[in-house]
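Please read the structure below before turning to the comments.
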Amino acid sequence: MFAIARAAAPIKNATRMGVRAKHTLPSLSYGFGDLEPAISGQIMELHYTKHHQTYVNNLNAAEASLSEALAKGDAKAEISTLKAINFNGGGHVNHTLFWANLAPANQGGGELGSGPLKEAIERDFGSLEELKTKFNAQLAGIQGSGWGWLGLDKNSGKLAITTTANQDPLLSHIPLIGIDAWEHAFYLQYLNDKASYFKNIWNVINFEEAQKRLVAAK
Ligand SMILES: [Fe+2]
């Protein structure tokens, strides 16, 4: 209790002084090559250390520009940072969710065990196979870059499949599963055959993590 209070104090003080905590890459619970053959180690390494890192760096830079603009009361400069915050902030949020969303096949990846998520999927889609078919059809329909989502509609309590463009995060639903449909997520391995990427990624989806999000959202 006291240890927590002591640890929290510097954060409160930092916030009062306007010092922002910088965003950083989340740690992965598996190695880059552990999702093979669904996703190659080369893709995972580049995706995490280059693409996600760039979103983090650019988000930190955009937030620094916003802080400067706020300190100066420069509304025009504030507005000019918002697109970069949306794009890079979305990139950071989406990829953080994506990494946690994946698990090696020998650590439960691809397995939907019995529980509230399985029950909700069967209630709203009939079966996991039907969910995959509908989800992959929506992924295939994304024009350009974007994300496919299995989300929870908080109002109806039902699951829904939806997509967002570019790096827009899912705000209309609670995200349970997000699949990166950017070319950087598959091209080195699958080339133009993105349908195979969408098919194979289900073998490394961490349904246990998705179920935790579902339970926490209720
Ligand atoms: Fe990505």
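Cβ coordinates are placed from backbone N, Cα and C, and glycine is handled just like the others.
When TrEMBL records HIS95, ASP180, HIS184 as binding Mn(2+), the matching candidate from HIS23, HIS47 it lists for that site is HIS47. Non-local contacts of HIS47 (Mn(2+) binding site) by the CB criterion (under 8 A, 6+ apart in sequence, same chain) comprise HIS95, ASP180, HIS184, ALA185. Ranking the binding-site residues HIS95, HIS184 by C-beta neighbours within 10 Å puts HIS95 at the top. The Cβ of ASP180 (Mn(2+) binding site) has 26 other Cβ atoms within 10 Å, all protein chains considered. Using the Cβ center of HIS47, HIS95, ASP180, HIS184 for Mn(2+), the list of other same-chain residues with Cβ within 8 Å runs, in sequence order, TYR48, HIS51, HIS52, PHE98, TRP182, ALA185.
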